[in-house]
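What follows is a set of notes on a single structure, which appears directly below.
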Ligand code: UDX
């Protein structure tokens, strides 16, 4: 089997590499010549644990290659995956499908013989129909099927999520296309991964319904955390107590500063827009979007309170900038709102993130001072804020932290420390949803 993967972003690069690990010949295609050149030298465009080694091994085996030449990659392929970006469209929040449709046109012009065209990017319901229409209009006689095959991998654990997924969703009613997809995922069939075969539109909706459900779960526990603070309860015990009910499940009940990243904010918004277009508003998801946006803005208030009501002229140490650990991705990270609000309120911000500072510098105001390590942020700071739970921030030398801070105030937005221990050590410690 031979496939072409169009787009070498997170989803395209990880999926392409993992398919080659499954024994399939994969050509990854991107318009960005520099990116392709660097990939040829085993320089990854993203930080994803284990990816560089897996790419190197599969390139060596001859199964994985990178090119800007879409035409030749598609010509020889049994299946062509569209894994280009679908960012939020400026102004209206709909998914921007221009890259998907442009790829469909190029694929149409290059296809040779029966080809399965697979949308792997997260795309609104009906996109597969439009991709089919575009290809059919350019190639009336071509033999092809358009399949929806959403990807559920998480950044930071992308390889494991792809190689051992909870399920694979395949949206097509064509038996021929189903056979090709089964062959591509043969390795997962062998380890008895559940495969959901369904219609193309249903498959497209599954991806959005999944992400919006998870975003709702996080937002739910965040609100319960706020209530815990008022009534003197512990949100972790609440999460455990409800999560042990199999109908609820214990995952995605960790409270924090609000969800961010490349998927949840964009996908919740896009689904809300789609539902409105179809006159079936999703009131729960609309509320989730509003509550999460508000939450990210409110987090700075906790820091201001910890600094005695004002941060004007005071130094604040920020640990962690990315939307979660083990990634360099800053998209929609809560740090963006927190840092901007604190700067507006007159704070001096010193920040450190193990992988995210290059991306952060593109998104955060230029006044942010970036430091070489966690401790360098703290010298003379009024308050230390943990925004992202990188492992190295879970194991700080707390005596050293105390000696470096001007006043020993810590705002822990990820609950990585225990309130009792922090109190014993003499910190003024604020966390989320705990007495
Ligand atoms: C998510 C989905 O999990 C994945 O299936 C989909 O394909 C893409 O979007 P990702 O964005 O990589 O993956 O990150 P994820 O680990 O899901 O975290 C998203 C956000 O939710 C982060 O900001 C994280 O900090 C937050 N989160 C997650 C919580 O605040 N609490 C939790 O319990 C879980």
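Residue positions begin at 1 at the first shown residue.
Here the Cβ of each residue, glycine as well, is placed from N, Cα and C on the backbone.
The active site, nucleophile annotation in TrEMBL covers 263. Residues annotated as NAD(+) binding site in TrEMBL: 30, 35, 86, 122, 155, 266, 331. Summarising the annotation, TrEMBL assigns substrate binding site to 152, 153, 154, 155, 207, 252, 253, 254, 255, 256, 260, 324. Residues annotated as domain 'UDP-glucose/GDP-mannose dehydrogenase C-terminal' in TrEMBL: 317-419.
Features as recorded by TrEMBL, highlighted on the structure.
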residue	record	contacts (Cβ under 8 Å, 6+ apart)
30	NAD(+) binding site	6, 7, 8, 12, 36, 66, 68
35	NAD(+) binding site	8, 45
86	NAD(+) binding site	95, 96, 97, 99, 100, 121, 122, 123, 266, 270
152	substrate binding site	161, 165, 166, 167, 207, 210
154	substrate binding site	161
253	substrate binding site	217, 218, 221, 239, 242, 243
255	substrate binding site	221, 222, 224, 225, 235, 239, 415, 432, 433
263	active site, nucleophile	122, 211
331	NAD(+) binding site	260, 261, 262, 265, 323
Notebook entry, point to check: What residue among the binding-site residues 260, 266 has the most other CB atoms lying within 10 A of its CB?
Noted result: 260
Next item on the list: Take the Cβ of residue 207 (substrate binding site) and count every other Cβ within 10 Å, whichever protein chain it belongs to.
Entry: 26
Next item on the list: Around the Cβ of residue 122 (NAD(+) binding site), how many other Cβ atoms lie within 10 Å? Please give the count over every shown protein chain.
Entry: 23
Next item on the list: Taking ligand 1 as the reference, state which of the binding-site residues 86, 154, 155, 331 have a Cβ closer than 6 Å to one of its atoms.
Entry: 154, 155
Item checked: Among the NAD(+)-binding set 30, 35, 86, 122, 155, 266, 331, as the record gives it, the longest Cα-Cα distance in Å -> 25
Item checked: Other CB atoms within 10 A, centred on residue 155 (NAD(+) binding site) -> 25
Notebook entry, point to check: Once the DSSP letters are reduced so that anything not helix or strand counts as coil, what is residue 207 (substrate binding site)?
Noted result: helix
